[in-house]
Amino acid sequence: MGRFIFVSFGLLVVFLSLSGTAADCPSDWSSFRRYCYQVFQQKMNWEDAEKFCTQQHRGSHLVSFHSSEEVDFVVSKTLPILKANFVWMGLSNVWNECAKEWSDGTKLDYKAWSGQSDCITSKTTDNQWLSMDCSSKRYVVCKF
């Protein structure tokens, strides 16, 4: 009886220690570290893509990257499905928010940005980010 309790307790410890290592993702989502990812084969503009992601799962948004390993994981999921293409990332209007002053140090008190806002895409083949018109249609990767 004592041996059974010891073995049962040992299995419980192993289960509990492993339960926190991966995300608890829906069956059609892929997990990497503590996050869940889903590649969608629909093309949409950035705003619709972000809204779409928020409707897929609580806490879901367009993909964000925080390491080269995370990019490699997403590439491993997107490339077989989407081939060489682009997916939206959760970055937009970066140029409007970036520059707060001119290179000579004077305050940016006048702006003449074009009406076109820029959003950021990631290539499905490697870790390259590109600025594109937010109204263009690209594939979607959601993350939560």
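Even glycines carry a Cβ here, placed using N, Cα and C.
Some features that Swiss-Prot has for this protein:
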type	residues	note
SIGNAL	1-23	signal peptide
DISULFID	CYS25-CYS36	disulfide bond
DOMAIN	32-143	domain 'C-type lectin'
DISULFID	CYS53-CYS142	disulfide bond
DISULFID	CYS119-CYS134	disulfide bond
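Taking the features listed in Swiss-Prot, we show where each one sits on the structure.
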| residue | record | DSSP class |
| --- | --- | --- |
| CYS25 | disulfide bond | coil |
| CYS36 | disulfide bond | strand |
| CYS53 | disulfide bond | helix |
| CYS119 | disulfide bond | strand |
| CYS134 | disulfide bond | coil |
| CYS142 | disulfide bond | strand |
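Counting only the Cα atoms, the space from CYS119 (disulfide bond) to CYS142 (disulfide bond) is about 16 angstrom. Between the CA atoms of CYS53 (disulfide bond) and CYS36 (disulfide bond) there is a gap of 12 Å, rounded to the nearest whole number. Among the disulfide-bonded residues listed here, namely CYS25, CYS36, CYS142, CYS142 has its C-alpha nearest to that of CYS134 (disulfide bond). On its own chain, CYS36 (disulfide bond) has ALA23, CYS25, PRO26, TRP29, SER30, HIS57, SER60, LYS143, PHE144 as residues at least 6 apart in sequence with a Cβ closer than 8 Å to its own Cβ. Each of the disulfide-bonded residues CYS53, CYS134 was scored by other CB atoms within 10 A of its CB, and the lowest score goes to CYS134. By the criterion of other Cβ atoms within 10 Å of the residue's own Cβ, the least surrounded of the disulfide-bonded residues CYS25, CYS119, CYS142 is CYS25.
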